[in-house]
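Pulled from Swiss-Prot:
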{"type": "TRANSMEM", "residues": "2-22", "note": "transmembrane segment"}
{"type": "REPEAT", "residues": "346-367", "note": "repeat 'LRR 9'"}
{"type": "REPEAT", "residues": "445-465", "note": "repeat 'LRR 13'"}
{"type": "REPEAT", "residues": "501-524", "note": "repeat 'LRR 15'"}
{"type": "TRANSMEM", "residues": "688-708", "note": "transmembrane segment"}
{"type": "TRANSMEM", "residues": "728-750", "note": "transmembrane segment"}
{"type": "TRANSMEM", "residues": "771-791", "note": "transmembrane segment"}
{"type": "TRANSMEM", "residues": "818-838", "note": "transmembrane segment"}
{"type": "TRANSMEM", "residues": "876-896", "note": "transmembrane segment"}
{"type": "TRANSMEM", "residues": "920-942", "note": "transmembrane segment"}
{"type": "TRANSMEM", "residues": "947-967", "note": "transmembrane segment"}
{"type": "TRANSMEM", "residues": "980-1000", "note": "transmembrane segment"}
{"type": "TRANSMEM", "residues": "1012-1032", "note": "transmembrane segment"}
{"type": "REGION", "residues": "1109-1141", "note": "region 'Disordered'"}
{"type": "COMPBIAS", "residues": "1110-1141", "note": "compositional bias 'Low complexity'"}
{"type": "COMPBIAS", "residues": "1183-1205", "note": "compositional bias 'Low complexity'"}
{"type": "REGION", "residues": "1183-1211", "note": "region 'Disordered'"}
Amino acid sequence: MNKKFIFILLIVFICFLNISQSIRINNNKNNNINNNYNNNNNNNIQTKEKRERNLIKFKEIEKIRKFLGNVESLTTIPLVSNEKIILEKLYSDWNGKDWDDNTNWLNGDPCMNQWYGIECNSFDGGITNNVISIKMSLNNIVGEMSTEIKNLVHLQTLDISNNGFYGEIPIGIFQQMNNLSYISLNENEFQGDLEWASYLPDSIVTLWIAMNQFQGTIPTFFSKYPILDLLFLEENLLIGTIPPEVGDLKKIKLLDFGLNTITGTLPSSIGNLSYLEQFWLYDNQLEGSIPLTMGNLQNLKLFEVTRNQLGGDLSGVFLNNPNLKSLRFSGNSFYGDLDWICQLDGLRDVHFDINRFESLPNCLGKAPLQMNELLLADNLISGTIPSSIGNMIGIEYINLARNNLTGTIPSSFNNFSNLNRIDISSNKFNCSLSEILDPIKHQTHLTIISAQYNEIHGEFFENMVWDGVQQIELLTKIFIINLSHNKLSGPIPEYLSWMPNLNDLDLSYNNLSGTVPNQLSFLSTMYLENNPFLGSSDGSLPLFMEPSVIFIHKDTESYACPSIIGKGFDIRISLDSTYYNNSFCLCDYNYRGVNGSCKICPQDSYCPGGGNDILIPSGYYPMPSNENPEYLLKCIISNFGYTSCNPDSSYNYTCQDGYQGRLCSKCVDGYFHKGTECSVCPTGPQSIVIFIVVVVVFIALFLFFVMTDPKRSLPSSTRKTVMYYYQVFNLLLSKLSPWPSFFSIFYSGSSWLNFSFGFLCINNLSRWPNLFIVMICLPFAFLVISIVFIASMQLFHYVKSSLNGVDYIFNKKLIYSGVRVNLLALNFLYLPLCIYIFQNYPCTKDQVTGESFMSFFPWQECGDNSTHNRIMRLTIAFTIIYVIGIPLLFAILLFYNRKRLDNPMILTMIGSIYIDYRKSVYWYELVALGRRFFMAVSLALIDPKSSFSIFVVLLVIGSSIISQIIFKPYVYRISNYSETIGNSVLLFSYVCILILSSLATTKLYDSQGIEIILSVVVVVYTVLLLLLFLFSLKYFLPKKWQTVIDYHIIKFITWVRITSNNLISDIKDINSIDGDDSFETTKEPIFERTVSNNLNVLGSFELKRRNSQINSNCNNNNNNNNNNNNNNNNNNNNNNNNINNNIISAKQLDCNNNNNNYNGEKITPGDGQDCLISLSIDNSGTNFNHNNDNNNNDDNNDNNINNNEEFNKNN
């Protein structure tokens, strides 16, 4: 029963191996179709070789097992009791409950109840049995070799292979088993050396200990076992050389040392193994050549030394081995002639691939007719295939791949009766396809043709698959055809479908054309890529194909295409995307396009891939067009951080409403430029009203400055401070960003000070270059208007005098006033003129196209452009006329008239240039023009965001503050203070904008705090300027009103001073310290009180008022003086009546009193006087003094602590 059961298991196992082998061969065939000979293929080949070896070895082992199984097992006789105990102990030690099969174990008697894997027999005919066999291979046994097993002394067979045993095998454990002939420990994890094997009984026949972790060298003691015929040591960790004592294994039939690390050479003593049939030495590190004594092995059938380092010429080595069937020398360095194999009649397998052979065997006479496999791939074979190869009629598989063969396949290949597979890939066959297929097309068993990587050319013909003479189909068993990487041309014919068993077709990397026929839908694998002329004109796929959802990306492409699969069929298809015009392909991320035409997304843009979509981020402009952008240009950021370029960051790129042109920088119709922004033009009645208001304001200002005397005008110093501050502040607002949105109010309100009249939207006058032309014409317009007005006024007076009969007197004052007005206009226009002129110079070069465009008008091209050239000629001309001419004109006027500045005529004409400054710095207006010039250079001629521009701006504003502190140029103290504070505010604002710009770029910190501080500082200074402006308006009022205003101002200031003094006194008392503990301190001048030389009072202050008439004479007439004295007395009486809270109010005093503490010197007309009212405040009395400062010496005025300069002299 057990014998039959074991026999059936063996038959099933052999069938399983054969089936697995067949499947593996097919798999290897499929895998090798599209791959070069590489490491992966080597692994597959090694796996295949291993299975083949195991099958061969298993056949030899079966002979032993059948011999050992001839003894009948007496199941009716119980087992000796002590052996049952041993088996139970083994069950416990080896954790029997976890075995895959523990049938009947521990139930009754092992022999009678047939415990799984146990065989029994009686040797003495007694009433008890003994255990003679343990066969528990593949039973999931885990543990060490138990020493209990040594007591089973009657054991003949021990097979515990393919389990989980580990550890070392105890020495002597098998020594007492005198009948032990078969040991199989393979495929476990046993360790240690092989010393235990020296204590085996002499009865040992088979020792299979392969695929463990045994270490050390090959022992020499195996020769002491007289009947050992099978020795398996493969796949361990053995090292060293093959000892010569191996030659003493007289009965050995199979010797397997494969897959170790054995070195050295093959000992010649191997020739003594007369019974040796199989010798396995694969995958070691053996060197040298094959010893000639191998010819002594008359019974040798198989010899394998695959993948070693052996070499040499094999001629004459195996001529005396008549039974030799298989020679496996792959992966070595053998060379020489191969004709000697023709003498080996029984040779079936020749595996000589990966060596250094240079020619094929030429068996002209005798040939091995039983040859099945001839493998000579990866050698150095050249020339043509000899026709004598066809004499080996039994060949089933011929592999000549990866050599240097040329020519064609000889017609003698038709002699092969069982040809199954042919591989001539990676050679240099340069024949037609017909010359390759015709010699083999009648092979009825042929399944695989591999001819890739050659130079085969030509087309497919019908006679390749159809025999018209015999009217039969050819190549009906063909399963795989690989003709890739050749030069095939023409269409793929539909008659390839006449090969019914064709499964895999590889025609890739050829020059095929046309379309794929729908008749090939039955294939399982189809490789057709890299056929440049293969494709459909309409971009469609064959009916049996469709794109899958899996996209494949090539390293050299910027798009991914779907893999093509069978429509309703399981077909693996490799087809170029050009076949369907890339219509199913999608661009990669960061690329855009359709149908495989994908361009890289321009820098700073975003392309999601999969189509032509591109997202141009806000603030960038696509070039050369929105539809096909190749690169992006950074757009101008508006003054308040906005951008006109794609503000919504949408895929549909648009400029913001009101913008157009390059960089979205040009205003469309109905919009005007306000800095870098385009604002909507006022329309309807609103535009008319704005225009009328502007015209009326400018006419009123013109008439005011022409008709009024300079002493009656708004104090010039205040006007200049306001104009300079707001002109520069507006320039910063227009050229820098990002300003807080709050400042848009300041920008709109101050634009007109820089003559930005674009908001008028009069036709195209608000656009460049028209606005530039209007600007440079303004000074001439003022001149023409002045001339026309003065001429009209002179004509009016002439006609009036004529009608009244009075002689006409030419009024020179009007001409003087006209000159003064035009100089005033040039002064105020200088900064705007510089800005408009300098903006035309800078051009920015496009780094991609090389074209240049104006930096401040990016839509206008520089260079070869008629408009730009005309404007540049005007710009250069007016740079000389205005930018250089105005300061030069002012300098000439000042230095030419420097000794006549007190002259009434000079004062009337050019007084606006110097009247506001102290006499010692009468030239300071040139400094003011210089700082305007450099501000315009730094923000209009140079890129406002460049480091050089930053340096110039900081230098200009900083030097302005320093010069203001040093020179104190203005006559009025408050003007000096306001000018210094204004420059400080400009400096602070500029620094804040630099910080805000940096924060906007890095986005590391919040900018809200800086925005709030900046807004507060600018608003506070604006309020201060407004108060100063309102204060200066009192000079347009009657003198009585001015006196009342002065009184209230004096009263308020006095209250503030008294309050502050009391507070300071209290603080000093609180903060007083003991003198012994204090350090000596130095009183800082900045906190010292300024006291008038003429006053010795508790507190004092000064109030200057300019005389009302510039041409009035100070009368020396005593009567007039007396009258004036009387007036003064009356005024004093009135003052006494108005004294309140010990505060004395200054009433109107006539500065012409020569008898009232005056020196009585005659004052010539035009000597303008300032009446200095020095008020002494005493809480205990009502005393006061009136002192008139008539000193004309400017240096004395500078030394006066009250700084009562002769401001009137400049008037």
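Cβ from N, Cα, C; glycine included.
Take the transmembrane segment (876-896) and the stretches 728-750, 771-791, 818-838, 920-942, 980-1000: counting Cβ pairs under 8 Å, 818-838 has the most. At the 8 Å Cβ cutoff, the transmembrane segment (920-942) and the transmembrane segment (771-791) share fewer than 3 close pairs (sequence separation 6 or more) and do not count as touching. Secondary structure by DSSP for the repeat 'LRR 13' (445-465): 3 helix, 5 strand, 13 coil. Look at the repeat 'LRR 9' (346-367): DSSP puts its residues at 0 helix, 3 strand, 19 coil. For the transmembrane segment (980-1000), the list of distant contacts is 641, 721, 724-725, 728-729, 732, 736-740, 945, 950, 953-954, 957-958, 960-961, 964-965, 1006-1007, 1010-1011, 1013-1014, 1017-1018, 1021, 1024-1025: same-chain residues at least six beyond its ends, Cβ to Cβ under 8 Å.
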